[in-house]
Amino acid sequence: MAYAYLFKYIIIGDTGVGKSCLLLQFTDKRFQPVHDLTIGVEFGARMITIDGKQIKLQIWDTAGQESFRSITRSYYRGAAGALLVYDITRRDTFNHLTTWLEDARQHSNSNMVIMLIGNKSDLESRREVKKEEGEAFAREHGLIFMETSAKTASNVEEAFINTAKEIYEKIQEGVFDINNEANGIKIGPQHGATNATHAGNQGGQQAGGGCC
């Protein structure tokens with residue numbers, strides 16, 4: 001289907017925080033509780049609508065293991081948006097955010113939009129990281145912040161779409177050079193069209209994989 005823009009995303013964070021589950025919930029609207037670990041990088045895509053324009057999201061789901069970190073780094077370079085995910089029930093995944101963020105900012109373009117996601121909000125009784133802590137980290141580092149549940153789908157749609165809205169606003173403001181695909185943005189065949197059909201509910205294809 002024709003689109004006005006293509007935005008490339010990367011999903012990063014420790015193993016087991018639910019990165020693959022978030023992607024699967026967004027692209028296929030389903031939750032798969034048992035997964036193999038993601039090996040290297042997997043891929044998903046979906047069309048959304050922003051400001052009457054079709055936007056294709058091309059989403060790269062990365063492995064959280066240290067042994068795959070060099071592979072992950074190579075995907076930062078062509079990303080317009082990053083979803084940095086931690087698990088609200090595991091304090092260590094929150095403590096590692098600074099390392100992930102430093103890595104992302106070192107290897108990406110300076111305008112990349114980063115959404116901080118506290119996942120597994122359905123497991124409130126096992127919470128180790130307060131929502132206020134996530135909000136404070138996001139404020140300190142200039143990130144967008146949301147808590148999500150890949151299991152119940154709470155805020156999953158919003159996390160992906162709000163990231164896209166932020167990228168779109170930066171395009172309108174002239175922050176992104178849309179002629180440079182290294183910024184993670186590609187102009188599509190529908191660019192400039194005024195009458196876009198709504199495809200916000202259209203799913204994409206996601207390779208099978210782990211919730212890592």
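Each residue, glycine too, has its Cβ placed from N, Cα and C.
The annotation GTP binding site is assigned in Swiss-Prot to Gly16, Val17, Gly18, Lys19, Ser20, Cys21, Thr38, Gly64, Asn119, Lys120, Asp122, Ala150, Lys151 on the grounds of similarity to another entry. Sequence annotations record features per position, and here Swiss-Prot assigns S-geranylgeranyl cysteine to Cys211, Cys212. For Ala2, the entry in Swiss-Prot reads N-acetylalanine, with the evidence type similarity to another entry. What Swiss-Prot lists as region 'Required for interaction with PRKCI' is 2-19, and the listing cites similarity to another entry. Annotated motif 'Switch 2' per Swiss-Prot: 63-72, in sequence order, evidence recorded as similarity to another entry.
In the three-state DSSP classification, Asn119 (GTP binding site) falls within a strand. Neighbour density at the Cβ, taken as the number of other Cβ atoms within 10 Å, is lowest among the binding-site residues Gly16, Gly18 for Gly16. When the alpha carbons of Asp122 (GTP binding site) and Ala2 (N-acetylalanine) are compared, the span between them is 36 angstrom. Each residue contributes its Cα atom, and for Asn119 (GTP binding site) and Ala2 (N-acetylalanine) those atoms are 32 Å apart. DSSP classifies Ser20 (GTP binding site) as helix under the three-state reduction. Residue pair Gly16 (GTP binding site) / the residue listed as 'N-acetylalanine' shows a Cα separation of 35 Å.
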